[in-house]
Amino acid sequence: MDIYSHIHFLHIRNFTYFSFFSELYHSDHVATTTVETLAISSVFLVSVAANVGAAALETSERKLLVNKTILTLNLFVADLLFVSMIPLIVAVRWTVSWTLGCAACHIVVYVICVSGCVTITTLASISVERIRAILQLQTMATLNHRTVTATLLFIWAFSAVTPIPLSLYFTVMEVDYPEQEHVRICTLKWPDGTGPIVWSTAFATLCFLLPGLIIMVSYSKILQIAKSYTRRVRIRDSQPTAGDSVKYYVSRQDMKLFRTLLVLVLSFFIMWSPIFIITLLILARNFLSHLYVSSTMFFWVVTFTLTNSALNPILYSVCLFRNRWGKLCSSSAVVPLRKRPSGSGQRHS
């Protein structure tokens, strides 16, 4: 076995194996790992609180329990699933050597891929569901158990199948390191060098670019319908004798929802792009030996991506529920005015 100067990569039989979550060298292991633990633990706590709070707001009114609500709750579940891997990551940062077993090695990367795929696919499903409702002239939101069940089954089945190849080839290897004998690392051991690059490209296209394209097309369609509706209404108002040619109606709530989806998608791609880039750099290490990627770099990129699980519910709540608290506070002032007798001649000086 030949260990290169880049200690995060282990060169064995013409292949390099990256240590991923195991940091094989730290100048000050305790201080560095403490900072890492505080940062990623903060992400975990904020994410759990934000997703639970957003779910409570989404279901606070019984009438909101419709197709969109169920799919939105699925989005929060995916975020919570994503951050559930944080305790395992923290444990490995402290132990250095992978002591969690081979099963955990498969599960960590698998869950990360599944949760990311579920998130973006759910956003695409919400946009398609709202477009379908508008085109079918549904003036009121409904709950279709069969449609929602089929959609959820597709989302989770599709997201569960696509990461399987990557998960299968993640395994625990025991390596000899000069300062730490017999260190175990969870690494990707693909049969050939081109396989993981081909898979990563296909996975990114199917699970991220395609759903993102669906959302962009849906948003463009909703804008087109809204502009057409506004134009037809103006023509009808200016020419009362003209027939009612308004076909579709886009509510303000739908427009607000699609803007929110667009914000979430942009946030998703901004915060998930680094992990795709660094993964491709790690995989390209077999062909470009001068590339340097450390486990610490990989950790902070993963932490940045995990932050998206906390940002999603916050953005969703700010975009859709920022007026909810104002309405609740003003309701106490509105109701007494309605009870005031109309014939009262009392005036306040």
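If you go along the chain as it appears here, the first residue is 1 and each next one adds 1.
Keep in mind that glycine also has a Cβ here, set from the backbone N, Cα and C atoms.
Here the transmembrane segment (38-57) has Cβ contacts under 8 Å with residues 73, 76, 79-80, 82-83, 86-87, 89-90, 303, 306-307, 309-310, 312-314, 316-317, 321, 324 of the same chain, all six or more residues outside its ends. Positions annotated as transmembrane segment by TrEMBL: 38-57 (among others).
Annotation comment: TrEMBL describes 50-316 as domain 'G-protein coupled receptors family 1 profile'.
TrEMBL lists 69-92 (among others) with the feature transmembrane segment. Within the chain, the transmembrane segment (69-92) has long-range Cβ neighbours (under 8 A, six or more residues past its boundaries) at 21-22, 36-37, 40-41, 43-44, 47-48, 51-52, 54-55, 58-59, 98-100, 104, 107-108, 111-112, 114-116, 118-119, 122-123, 125-126, 129, 143, 148, 151-152, 155, 186, 299, 302, 306, 308-310, 312-313, 316.
Here TrEMBL flags 98-126 (among others) as transmembrane segment.
The feature transmembrane segment is assigned by TrEMBL to 147-170 (among others). Remote same-chain residues near the transmembrane segment (147-170) are listed as 67, 70-71, 74, 105-110, 113-114, 117-118, 121-122, 125, 129, 186-191, 196, 199-200, 203, 206-207 (criterion: CB distance under 8 Å, separation of at least six residues from the stretch ends).
Counting same-chain residues at least six beyond the ends of the transmembrane segment (197-219), those with a Cβ under 8 angstroms from any Cβ of the stretch are 113, 116-117, 120-121, 123-124, 127-128, 130-131, 159, 162-163, 165-166, 258, 261-262, 265, 268-269, 272, 276, 279-280, 283-284. According to TrEMBL, the transmembrane segment annotation covers 197-219 (among others).
Residues 9, 16, 18, 116, 119-120, 123, 126-127, 188, 193, 196-197, 200, 204, 208, 212, 215-216, 218-219, 291, 293, 297-298, 301-302, 304-305, 307-308, 311-312, 315-316, 319 of the same chain, all 6+ positions outside the transmembrane segment (261-285), place their C-beta atoms under 8 angstroms from a C-beta of that stretch. Here TrEMBL flags 261-285 (among others) as transmembrane segment.
Annotation comment: TrEMBL describes 297-321 (among others) as transmembrane segment.
Tertiary proximity for the transmembrane segment (98-126) is limited to same-chain residues at least six positions away from its ends with a CB under 8 Å from its CB atoms, namely 21-22, 68, 71-72, 74-75, 77-79, 81-82, 84-85, 88-89, 91-92, 151, 155-156, 158-160, 162-164, 166-168, 170-172, 184-186, 203, 207-208, 211-212, 214-215, 218, 257, 261, 264-265, 268, 272, 302, 305, 308-309, 312. Averaged over the domain 'G-protein coupled receptors family 1 profile' (50-316), the predicted model reaches a pLDDT of 84.
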